[in-house]
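*Asks:* Pasting a structure below so you can have a look.
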């Protein structure tokens, strides 16, 4: 069984790792994927060995919560209380009076207990599972500052109390997390809405009454009611009401579409106005949005190579920082600094270090990129390929169904046998190729019917054979100008019928090829069609070069040979007969055209057609650039920040107090989030 759970309380990538490790230790758990960015756990388990309730219990015992809706109002109150207390402590420091230090102690204790509880809980749970995250550093830093002030107040150790330090530290870090969380929530709202649709309730009409039911319980033939603002939960047909529906997330088309009785509605579309009564055409599991969800979840569970490296660094980061902090304290003591100064430098090292900036740099950019792409009608199935976009220097296009409409029409035909149409109608049913469909539809209009034929099978790229019958490309004569393809039906080599067909170039095809060339990419047309037809299309659309009469099994070898020449190749096809070539390419784009989206083999699926190809390249490069920028910032921040916090530049008057170091740590994560959110402003198409 598979389940996706919303989890509240994860504050960094190491929180996700803590949950991951704990669940994988349990018997019956087969696969776990935890997304800190989306606040969700996707798990596959054996119901006979572990229940969903037990899984929930494991997560909640770690200090996190499995929730129905995102909460968090309590955290805001604690943040306000911490901030107010810190300001009061600061005021009492500047305007002290007899006994005011004890008020500072009380306020500092309150902040440490309430505000620091989150960090203590997170640190305990992560250490218990062998993972050290940012909570450990914050817990150590704030506790150290609090204990130092407490002990110095009562004269146990030398120095002066600085109760404002732990109070401001907690306030700054919590404020940073809140800003970061809200920004991520806004940026990833689309993904969360789609991924949590499976847990939502819908209004079902039964015997004239409106009842609430979980979307997973819907079955074909039931009636549901959608109101403005509702996401259509399942595929269906409108039988009552009118309304404007946005399909932007499915097609990238921003204009809402009027739906009225008889109109089909697709799950995942949004009802912007009006009210619709919908006849359920398929259960949630079989709906379009469910298929999209499964692909998104698989995409989010995949880590690009650069993220795996960052995760390995983050894993050892905290231990390294604690060691540096201890060495900083000992070094300053040895150099003759007073106890208070040594403590402040050591605490500053602890709290300025930020593994979170490093940890979220890649996954957040990937998640925002996937979300942005969806709004533009682009589905990124394999995030690891985002690293490949900037390296691509050649784009190879399949012709039929990709650059053409893929809707062939029979423009003329010859029949030399009375049985030919029935035979053709039956044989072409064994293929889903556009040409086969066109001939079958034509035969049906002529009154053809299915007949019994033995031993039928499709010969990929060649045709279909049924016993003594064979249907395939007709190559025995030159084709007229208005014909792109000729197909002949033969019986033991004797021609029974010939069908002449023509396809239409897509309106956007020439623009797409031009845009690819503007991006500095070489363009190649690869087709199984005759040289004459392929040359015509290549010239019409402005290709740099073309290859004709290439059979499906040869297309993969062509792509491989281009790679051997040093090209980084992207392949664009419809997945009908070019799957091996798509798999061979460094980066592959699939254009669905009615083929089940879950069967698409491309790294990227252009849901709304080939017109989105240039935008997908721009977006892919933007995401890749953001990942590099974020990682560079996280690296430079820690490389520069830790030495400054340790006091290496103290003799030049450059140093950081612990509370200021804490503020910088909070801002480092916020800056990574802010930089990533700029993705929403770019890559418009």
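Note that Cβ sites are derived from N, Cα and C of the backbone, with glycine treated the same way.
It should be emphasised that the depicted structure is a prediction, and the values quoted were computed from it without experimental measurement.
Feature table excerpt (TrEMBL):
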- 1-67: domain 'HMA' (DOMAIN)
- 77-95: transmembrane segment (TRANSMEM)
- 101-120: transmembrane segment (TRANSMEM)
- 132-156: transmembrane segment (TRANSMEM)
- 162-179: transmembrane segment (TRANSMEM)
- 313-333: transmembrane segment (TRANSMEM)
- 345-370: transmembrane segment (TRANSMEM)
- 631-650: transmembrane segment (TRANSMEM)
- 662-680: transmembrane segment (TRANSMEM)
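I'd like these features described in context: how deep, what's nearby, how far apart.
*Replies:* Using DSSP to sort the residues of the domain 'HMA' (1-67) gives these counts of helix, strand and coil: 22 helix, 22 strand, 23 coil.
Within the chain carrying the transmembrane segment (77-95), a Cβ under 8 angstroms from the stretch's Cβ atoms is held by residues 101, 103-104, 107-108, 110-111, 114-115, 163-164, 167-168, 170-171, 174-175, 178, all 6 or more beyond its ends.
Listed as Cβ neighbours of the transmembrane segment (101-120) (distance under 8 Å, sequence separation of 6 or more from its ends, same chain) are residues 9, 11, 75, 78-79, 81-82, 85-86, 88-89, 92-93, 135, 138-139, 142-143, 146, 149-150, 153, 161, 163-164, 166-167, 170-171, 173-174.
Remote same-chain residues near the transmembrane segment (631-650) are listed as 306, 310, 321, 324, 328, 332, 345, 348-349, 352-354, 357-358, 361-362, 656, 661, 664, 668, 671-672, 675 (criterion: CB distance under 8 Å, separation of at least six residues from the stretch ends).
Beyond the ends of the transmembrane segment (662-680), by six or more residues, the same chain brings 138, 141, 168-169, 172-173, 175-177, 179-180, 183-184, 187, 351-354, 356-357, 360-361, 364-365, 368-369, 372, 619, 622-623, 626, 629-630, 633-634, 637, 641, 656 to within a C-beta distance below 8 angstroms of the stretch.
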*Asks:* For the transmembrane segment (313-333), find every same-chain residue at least 6 residues outside the stretch whose CB is under 8 Å from a CB in it, and list them.
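*Replies:* Result: 13-14, 17, 131-134, 136-137, 140, 339, 341-343, 345-347, 349-350, 353, 355, 358-359, 642, 646-647.
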*Asks:* Would you report the average pLDDT that the model assigns to the domain 'HMA' (1-67)?
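*Replies:* For the domain 'HMA' (1-67), the model's average pLDDT rounds to 84.
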